[in-house]
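Participant: One structure, as structure tokens, below. Some questions next.
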2 protein chains.
Amino acid sequence: MADTKKIAVIAGDGIGPEVVAEAIKVMKKTEELYGLSFEFEHGLFGGIAIDEKGTPLPQETLDMCKAADAVLLGAVGGPKWDNNPKELRPETGLLGIRKALGLFSNIRPAKIFDCLKDASTLKPEVLEGTDLIVVRELTGGIYFGDKFRREGANGEEAVDTCVYNVHEVERIVRQAFEIARTRRKKLASVDKANVLETSRLWREVVNRIAPEYPDVELEHVLVDNCAMQLLRRPASFDVIVTENMFGDILSDEAAMLTGSIGMLSSASLGEGAFGLYEPVHGSAPDIAGQGIANPIATILSVALMYRLTFGYHEAAQSIEDAVASVLDAGHRTADIATDRSKAVGTQQMGDLIVAAMK
Amino acid sequence: MADTKKIAVIAGDGIGPEVVAEAIKVMKKTEELYGLSFEFEHGLFGGIAIDEKGTPLPQETLDMCKAADAVLLGAVGGPKWDNNPKELRPETGLLGIRKALGLFSNIRPAKIFDCLKDASTLKPEVLEGTDLIVVRELTGGIYFGDKFRREGANGEEAVDTCVYNVHEVERIVRQAFEIARTRRKKLASVDKANVLETSRLWREVVNRIAPEYPDVELEHVLVDNCAMQLLRRPASFDVIVTENMFGDILSDEAAMLTGSIGMLSSASLGEGAFGLYEPVHGSAPDIAGQGIANPIATILSVALMYRLTFGYHEAAQSIEDAVASVLDAGHRTADIATDRSKAVGTQQMGDLIVAAMK
Ligand SMILES: [Mg+2]
Ligand SMILES: [Mg+2]
């Protein structure tokens with residue numbers, strides 16, 4: 001029997017609680033099947049925390065997350081809080097928790113499920129075998145640099161500053177090399193080193209670290225070329241590592257390759273094994289409470305947690321295989337159904353996946 | 001008979017002279033068919049100018065361009081000059097000529113030819129009707145801002161600065177609105193206004209100018225979302241306008257949608273009607289002098305010149321229709337041929353297009 005792992009569960013708003021409930025069912029099934037052991041603690045976060053505690057990120061929730069081995073997050077936000085002042089917006093809680101937990105990377109797998117290939121706008125034969133991960137730096141770059149207005153020689157101007165230091169690049173590049181090692185051992189580092197100084201620093205660091213990972217095949221790709229190559233040869237990528245803004249753009253492009261945002265998992269990582277796991281989709285307030293949300297992205301986030309935080313690769317594989325087999329059997333939630341009248345609900349999808357696990 | 005227009009022809013290196021020769025044949029045919037009149041002057045530029053004049057952009061070439069109504073450029077560069085010092089590189093000539101001519105936007109159409117739809121990695125039914133233009137700001141933004149290294153609190157760091165002033169945004173946004181007016185009257189302005197100050201300035205200017213173009217339908221799209229939407233609904237875009245780096249990435253993604261870089265035209269524009277027109281593809285030194293290069297991108301650049309600089313829409317349409325009909329008839333240069341043994345050469349492709357013009 002494995003050590004008991006503490007999971008902080010912050011289900012959040014909208015469909016968050018519904019999809020998280022199914023993910024927990026799946027985790028419990030892996031306790032049974034693989035002798036794993038989890039202790040779940042639940043905390044308020046996002047809009048619901050604003051309503052009940054007057055802040056999107058209550059101190060007790062943060063303390064609970066800090067004491068946990070991993071965090072499972074549902075979704076946050078909704079129209080109810082959209083016009084709140086900044087410190088009372090659910091998204092502010094998200095930024096706050098990432099910062100407080102020292103999470104500096106966002107991990108987004110884009111994997112094609114065979115039976116959902118038709119959902120993509122790309123040709124099935126191009127997508128064949130696509131299984132990539134985008135590792136995006138999350139705390140630096142132009143999104144966080146100084147930004148201001150000033151009077152210039154030609155009138156009003158706006159300025160954004162993009163800054164990266166060696167340490168910031170080094171820690172995420174190392175993380176990406178480590179992840180590549182657990183996969184197909186290929187790393188594509190994306191920059192714009194022919195133009196940008198931050199990219200030249202980025203590439204220097206990558207080239208300095210690369211010899212420590214002789215088993216990983218490294219390629220440097222310019223960001224504009226990468227936007228092309230994702231369309232031309234998606235299956236050739238394994239792990240893509242890049243800075244904050246490039247990662248924002250490329251991870252969304254990669255997500256669209258799959259054709260089904262409702263299926264995509266993600267992780268935010270810091271130093272060490274700790275991570276926060278959540279579906280890429282949002283809180284979908286329009287369908288909240290109806291029992292029709294697709295829980296697969298959250299369930300796949302659990303598989304990602306098992307791989308990246310706990311090294312439970314066998315149990316992760318079991319979850320991923322179960323999802324694939326349920327889809328192969330033709331079961332669909334409404335968001336991915338071609339015939340919505342035959343769609344299964346959130347709980348039914350969770351049950352089907354649990355039943356398919358071996 | 002129309003006024004005589006002065007065309008500065010800078011054929012450049014590699015396949016440049018071969019493809020430009022076919023474009024000129026096409027222009028001469030439009031003189032015949034539409035009563036147009038051109039005066040061609042030829043100048044040295046790029047690698048050949050380095051070899052013969054010791055500089056990639058000789059003063060007499062620049063003077064010739066300045067005195068012309070439009071510039072037709074083939075391609076520049078090649079391995080011969082790749083290791084030259086910066087001021088003796090062909091690409092430096094390209095930056096220099098854009099600057100000297102006050103060109104601040106780059107225009108890249110991405111149009112799908114029905115008979116080449118299969119060349120794309122996207123599904124034909126998704127691409128159906130795709131005919132968009134990316135208008136990219138070319139002189140500002142992070143590529144041209146201050147860039148440097150410094151010692152920060154956490155060691156060495158690199159900095160890039162992104163700057164835009166109101167005037168720079170205003171002139172390109174106006175240009176994009178004007179171009180949209182000659183087309184399907186839809187403009188998508190791409191920014192990252194939820195994060196960047198330069199993007200907020202950009203969006204303010206767009207919103208201030210928009211009421212002057214009530215006939216043009218405007219949408220704001222965040223850059224990461226645009227990278228997705230180009231894959232999801234490419235045919236819904238007409239004109240996309242954006243800042244330098246976003247345009248660099250998105251125009252390449254849009255180019256890849258078409259599946260055939262060898263077919264893509266481009267323009268660089270400044271204030272007024274003057275423009276520089278060139279194929280997107282490079283000088284292809286590996287096939288230079290063999291008479292097998294595809295002249296269609298350069299020929300379509302002439303059609304773009306007719307539309308954007310001269311307003312010769314009828315003659316432009318004639319060129320575009322002729323290209324489509326020659327492709328529909330199954331003629332292909334080697335780069336786009338499925339059976340290369342049946343491929344036609346550069347001159348033959350030019351002749352076929354000239355013969356198909358009405
Ligand atoms: Mg994004
Ligand atoms: Mg580019």
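A Cβ is built for glycine as well, from the same backbone N, Cα and C atoms used for every other residue.
Just so you know, TrEMBL annotations never went through curation; they're auto-generated.
Below are the features I grabbed from TrEMBL:
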| type | residues | note |
| --- | --- | --- |
| DOMAIN | B:6-353 | domain 'Isopropylmalate dehydrogenase-like' |
| BINDING | B:Arg98, B:Arg108, B:Arg136, B:Asp224 | substrate binding site |
| SITE | B:Tyr143 | site 'Important for catalysis' |
| SITE | B:Lys192 | site 'Important for catalysis' |
| BINDING | B:Asp224, B:Asp248, B:Asp252 | Mg(2+) binding site |
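Each of these features: where is it, how hidden is it, and who are its neighbours?
Facilitator: Across the domain 'Isopropylmalate dehydrogenase-like' (B:6-353), mean pLDDT in this model comes to 96.
B:Arg136 (substrate binding site) has a Cβ environment of 27 other Cβ atoms inside 10 Å.
Spatially close to B:Tyr143 (site 'Important for catalysis') yet at least six residues away along the chain are B:Asn244, B:Met245, B:Asp248, judged by Cβ distances under 8 angstroms.
For B:Lys192 (site 'Important for catalysis'), other Cβ atoms within 10 Å of its Cβ number 25.
Reduced to three states, the DSSP call for B:Asp224 (substrate binding site) is helix.
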Participant: Should we count any of the recorded positions B:Arg136, B:Tyr143, B:Asp224, B:Asp248 as near ligand 1, judged by a CB under 6 A from one of its atoms, and which?
Facilitator: B:Asp224
Participant: Report the binding-site residues (B:Arg136, B:Asp224, B:Asp248, B:Asp252) that meet this criterion: Cβ distance to the nearest atom of ligand 2 under 6 Å. Use sequence order and write none if nothing qualifies.
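Facilitator: The ones that qualify, in sequence order, are B:Asp248, B:Asp252.
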Participant: If I take the Cα of B:Asp252 (Mg(2+) binding site) as reference, which of the recorded positions B:Arg98, B:Arg108, B:Arg136, B:Lys192, B:Asp224 has the closest Cα?
Facilitator: B:Arg108
Participant: Provide the list of recorded positions among B:Arg98, B:Tyr143, B:Asp248 whose C-beta sits under 8 Å from chain A at the C-beta level, in sequence order; use 'none' for an empty result.
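Facilitator: Filtering B:Arg98, B:Tyr143, B:Asp248 for a Cβ under 8 Å from chain A leaves B:Tyr143, B:Asp248.
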Participant: Taking just the CA atoms, what is the gap between B:Lys192 (site 'Important for catalysis') and B:Asp224 (substrate binding site) in Å?
Facilitator: 8
Participant: Through the lens of DSSP with three states only, how would you label B:Lys192 (site 'Important for catalysis')?
Facilitator: coil
